[in-house]
């Protein structure tokens, strides 16, 4: 019986896809009707400093320790701090796009909700699935880095000293990491208990981590030499190309600020708190990263910086062997804070996707006592612990990057479409044509850079991007109707345009293997949507809506209701 019903439903897939793929919600529906499906509300306890701490904690992870040394040695030279500045500009522009959406649609769905109210259900689902993939894989893999740095803090030089080697398993999956699993279990229990208490724990750890960063920065500036910035080869021995290529690599140290937007349902006064939390955390982290990179290049000439454990090695060459242990302890603390924030955000993404019925509604339930999405938190914790037990970081890092950059790219496009079509009531054709031309010229510039074509190609495509934006801004009017509780990105469409350009540029720096894996993942989530998601949402949003009658029809007979449903289903 169940199978025959499902097969009958499956036979109507084309009709359902036509109705649901581009179906959008309004911000009011997201805030009220959809949110009620979780039962209890999430508790509004977070303030602006909680958000800044969550944003800083989410970004100050292992990235800066892993990328700075190799980029300085092989890609950017002493100008690696300029690479961090370029990456910071890209992250800041993307964060501005997130901020406007998060204030207008203050729900826990983040990019999933923003894209669903703008481009429709399937684009929102596609973005949400990629964000969940990025969270689960990166949290599982980075938790293994915690084991490595913690072993360094206890004086162990072998990163696998606390892991168990299993013969017979494939290379990259044969080192079992039980400390990483234990860390994920502990953090999952904390997150199930209370968001506010978890935020306070993150605030304490982040404060210690910032102090630790300050120690490295002060030590570098006090003991380093300015000559190391210009000898040998000058401040930019690899030229402008080296600086920009380095920016593409170090950019991934900034991933994590989007988690702040998923806290929107648990924030007091979102319209004022969210801009401070998102933009403020990006600015603080940008300053710390640039100073960290500069201090490393002051300590050693770029051609002497080791690619592995760069900061530890620099202190050891100074004669501060004890500092290697301090670096290990500080990095471990940073990873814990980063994981806590990421796990906090991922559960809220899954909760809101469950509200939309794109995954089973069981994931949308919020516990009435703790005010947390308990089911989503536990299931994702189990998935991460299972992956962390086996999988090395380098296997999934490229996959993580492409999914994140694509979502940032989609959010920037959505902001332009929302401003010029949805809010300004302009015909969509002109805006869609502009977005197509903008992406095309951005890809053309990026591929010209990647394949080292003549400089005039770069100038041509950069110029086309610029003039396309100028023409669009001049001919397509934008109506600004700012409400008291809203927050708008200034100087539109330029911030979103530059964000699109930079995200496209960074995506083209990734290796082909990332695109192959991403293609497989795209096929998997699309098949799931066709076989489950579209049928579930059609039932929730189309059929059930048909049998809801107005108060004036409450006394109508059951036969009248059935007749109404039958007529509308034809």
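Glycine is no exception: its Cβ is also placed from the backbone N, Cα and C atoms.
Features as listed in TrEMBL:
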- 46-69: transmembrane segment (TRANSMEM)
- 81-101: transmembrane segment (TRANSMEM)
- 172-191: transmembrane segment (TRANSMEM)
- 203-226: transmembrane segment (TRANSMEM)
- 238-257: transmembrane segment (TRANSMEM)
- 278-302: transmembrane segment (TRANSMEM)
- 322-345: transmembrane segment (TRANSMEM)
- 395-417: transmembrane segment (TRANSMEM)
- 429-449: transmembrane segment (TRANSMEM)
- 455-475: transmembrane segment (TRANSMEM)
- 487-506: transmembrane segment (TRANSMEM)
- 518-538: transmembrane segment (TRANSMEM)
Recorded stretch, among 46-69, 81-101, 172-191, 487-506, 518-538, maximising Cβ pairs under 8 Å relative to the transmembrane segment (238-257): 81-101
Best-contacting stretch, by C-beta pairs under 8 Å, relative to the transmembrane segment (487-506) and drawn from 46-69, 172-191, 429-449: 429-449
Same-chain residue ranges lying at least 6 outside the transmembrane segment (81-101) that approach it to Cβ under 8 Å: 71, 75, 110-111, 113-114, 236, 243-244, 246-251, 253-254, 257-258, 261, 274-275, 278-279, 282-283, 286, 289-291, 293-294, 297, 408, 411-412, 414-415, 418, 487-489, 495-496, 498-499, 502-503, 506
Best-contacting stretch, by C-beta pairs under 8 Å, relative to the transmembrane segment (172-191) and drawn from 203-226, 278-302, 322-345, 429-449: 322-345
Cβ contacts under 8 Å made by the transmembrane segment (278-302) with residues that lie 6+ beyond its boundaries: 48, 51-52, 54-56, 58-60, 64, 68-69, 72-73, 77-78, 80-81, 83-85, 88, 91-92, 95-96, 98-99, 102, 210, 213, 216-217, 219-221, 223-226, 228-229, 231-233, 237, 250, 253-254, 257, 260-261, 310-311, 314-315, 317-318
Positions whose Cβ lies under 8 angstroms from the transmembrane segment (322-345), at least six residues beyond its ends: 54-55, 57-62, 65, 110, 135, 138-139, 142-143, 145-146, 149-155, 183-184, 187-188, 190-191, 195, 198, 201-202, 205-206, 208-209, 212-213, 215-216, 219, 256, 258-260, 262-263, 309, 311-313, 315-316, 377, 380-381, 384
Residue numbers, six or more beyond the limits of the transmembrane segment (203-226), whose CB comes under 8 Å of its CB atoms: 49-50, 53, 56-57, 60, 288, 291-292, 294-299, 311, 314-315, 318, 320, 323, 326-327, 329-330, 333-334, 336-337, 340
